[in-house]
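Quick paste from TrEMBL:
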- 23-33: compositional bias 'Polar residues' (COMPBIAS)
- 575-616: compositional bias 'Polar residues' (COMPBIAS)
- 1-35: region 'Disordered' (REGION)
- 575-629: region 'Disordered' (REGION)
- 96-114: transmembrane segment (TRANSMEM)
- 177-196: transmembrane segment (TRANSMEM)
- 208-226: transmembrane segment (TRANSMEM)
- 250-272: transmembrane segment (TRANSMEM)
- 293-316: transmembrane segment (TRANSMEM)
- 356-377: transmembrane segment (TRANSMEM)
- 408-427: transmembrane segment (TRANSMEM)
- 439-458: transmembrane segment (TRANSMEM)
- 470-495: transmembrane segment (TRANSMEM)
- 501-526: transmembrane segment (TRANSMEM)
Amino acid sequence: MKAQTGSGDDVGLEDSSQRENQPDSSWQENQPIRANASSSSVASAYFNNKIIIPEDQQHPIFSFKKLWAFTGPGFLMSIAYLDPGNIESDLRSGSVAQFKLLWVLMSATFLGLLMQRLSARLGVVTGMHLAEVCYRSYPRVPRLVLWIMVEIAIIGSDMQEVIGTAIAFYLLSDGKIPLYAGVLITIADTFTFLFLDKYGLRKLEGFFAFLILIMVVTFGYEYVMVAPDQPALLRGMFVPFCEDCGPDQVLQAVAIIGAIIMPHNIYLHSALVKSRDVDRTKRDHIQEANKYFFVEAAIALFISFLINVFVTAVFAEGFYGRNITQVYDSCIEREVPHASVFNTTNLEVDIFRGGVFLGCQFGLAALYIWAVGILAAGQSSTMTGTYTGQFVMEGFLNLKWKRWIRVLFTRSIAIFPTILVASFSGIQDLTQMNDMLNVLMSMQLPFALIPILTFTSSESIMGDFKNGRLMSVFTALLAVLVIGINLFFISVYIHSLPPHWAVYVAVSVLVILYLTFVLYLVWFCLVSNGFHFFDRLPCLSCLKRRETPYVLSESISGTSLDLDSETPDFGSTINTSEFGSMPNTGTADFESTPNTAEFGSTPNTSEYGSRANTSAVEKDHTKRNTSSQ
């Protein structure tokens, strides 16, 4: 590969203390790619003061002091599992299938934990988040398409959060705050809350923890008030079977998976872990960080799972099996606001009707407590969604925007269609948008699952921390499952479209483009991880893996790679060969690492494990040394 080296003065500038602390040679041979410590990422704008990990010699195996230092990113990540879209999916699950789909909810949460583990490991091992790695790996056109897909997921999630927050204001004010006003309020309060990080990262994480606590208390209160059947709840959670389930229940089970595993959340978590000061030149420090981040994520997702169970159980016990007459009569008897929503022939439930129903069955206090919980869910997920948008834009495009501009950009796109529906249609149509948005989120999942599988399975990126074969196969099967779910959603959606040939043609074209791009990502994943048979496909020659414009620089553990601000356009593909780790000496010996393939290099180059064709690099290095002398 054509590599750009640092100046001659940058070579061999380690002091003696650094040399004494160098890892062993076996660690150097298979070390992962890392961002240079001196590089400034956009994420550093949020995490200027990284959390220091304390030493705890008395508890070498597991330290609660260290766990507390690592606690934070997982809870911010878990908020995406508690957004209004998930809450609505939970209550509908309970209303149509009672407790029978709780095992699907638990399985989806467990699958989400495995995906978040991969995301956190990528950030810890490489020092780069997923969007940054995508920027350094994919050619220009696929990279931009991938960025657009992730932005669609972020905006779709943002719309759900705006809808939930507006409905919460509507319920709390007894309809005095109209929906369009609630939508507009989300702009101002999001700007206000986003400046909390000015007071320190820990205070920001504490505020998010407080919002999660509000959800635990409010939805837990509803759970206690309803007092669901515990044996039936446990049976639905641990028995993977849905007795007497029809198409509605199957469709809801699919919707649960789409709502729980959020594509943009995988990008977010890989960035949040960079807020901890982990010495990536030491193998044991990386192992320790991976361990504690996984434990913290497991705790955070367990809490989010309990909240989702609370919501599902409330409507499984209180709503399932009731008829419209019973619900409407109880609303009239208690003089609950908005009782007219149940003066209809069809008994349906969503975030808005769910709050009204709780007020009808258990009193006004239950309605307002529900609204507070929805407000906390909407506000917390809104802020984390804004952070995700910042990381994704800066990572994919290497574009640094001021935070308020980014917030205004994404929020404006999310608010425009939402406020139109809120102004001209009403709250029923507003809540129905959640169904479409859940389908949209599910369709974007492959654009997070396939890249994270690609890079965490690559030895040249992750070194010894790459995925094992079992994990790679499992993640691949999950991606296949998600793609199958998406095709199922599409087939269901097509039946609801107007029967016109132009509509079918448009949908067919979109489906073909969607599947084509998914297949390209799969091809890239296979070729990047050693399946070079697929690299011979002539139709994909223009989309081969491009050269990764990194700069070699010395670090304590050997090679460190960073993006050069003066590198040319990333769309070009250069016929190069691999190079391995650079020893910590005063000379640059570009001996390739055995059994290691350089990530981002163009396929069909020199054989893996052989000495790289580095004549251009050596000449450049010699020229630099001569000029310096």
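Heads up, residue numbers simply count up from 1 along the chain you see.
For all residues, glycine too, the Cβ spot is worked out from N, Cα and C.
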For the transmembrane segment (293-316), find every same-chain residue at least 6 residues outside the stretch whose CB is under 8 Å from a CB in it, and list them.
67, 70-75, 77-79, 81-82, 86-87, 90-95, 97-99, 101-102, 105-106, 109, 112-113, 116-117, 120-121, 124, 212, 215-216, 219-220, 222-223, 226, 228, 233, 236-237, 260, 269, 273, 349, 354, 357-358
Report, as numbers and ranges, every residue of the chain located at least six residues beyond the transmembrane segment (208-226) whose Cβ falls under 8 Å of a Cβ in that stretch; write 'none' if there are none.
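The answer is 75-76, 78-79, 82, 303-304, 306-307, 310-311, 313-314, 317-318, 358, 362, 366, 369-370, 372-373, 376-377, 379-380, 383-384.
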If we skip the immediate neighbours and take only residues 6+ beyond the ends of the transmembrane segment (356-377), which ones have a Cβ under 8 Å from one of its Cβ atoms?
82-84, 86-87, 164-165, 167-169, 171-172, 211-212, 214-215, 218-219, 221-222, 225-226, 314-315, 318-319, 327, 330-331, 334, 336-339, 341-342, 349
What parts of the chain pack near the transmembrane segment (96-114), using Cβ distances under 8 Å and only residues at least 6 beyond its ends?
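Distant contacts of the transmembrane segment (96-114): 81, 90, 228-229, 232-233, 235-243, 245, 248-249, 252-253, 256-257, 260-261, 297-298, 301, 304-305, 308-309, 312-313, 316, 320-321, 471, 474-475, 478.
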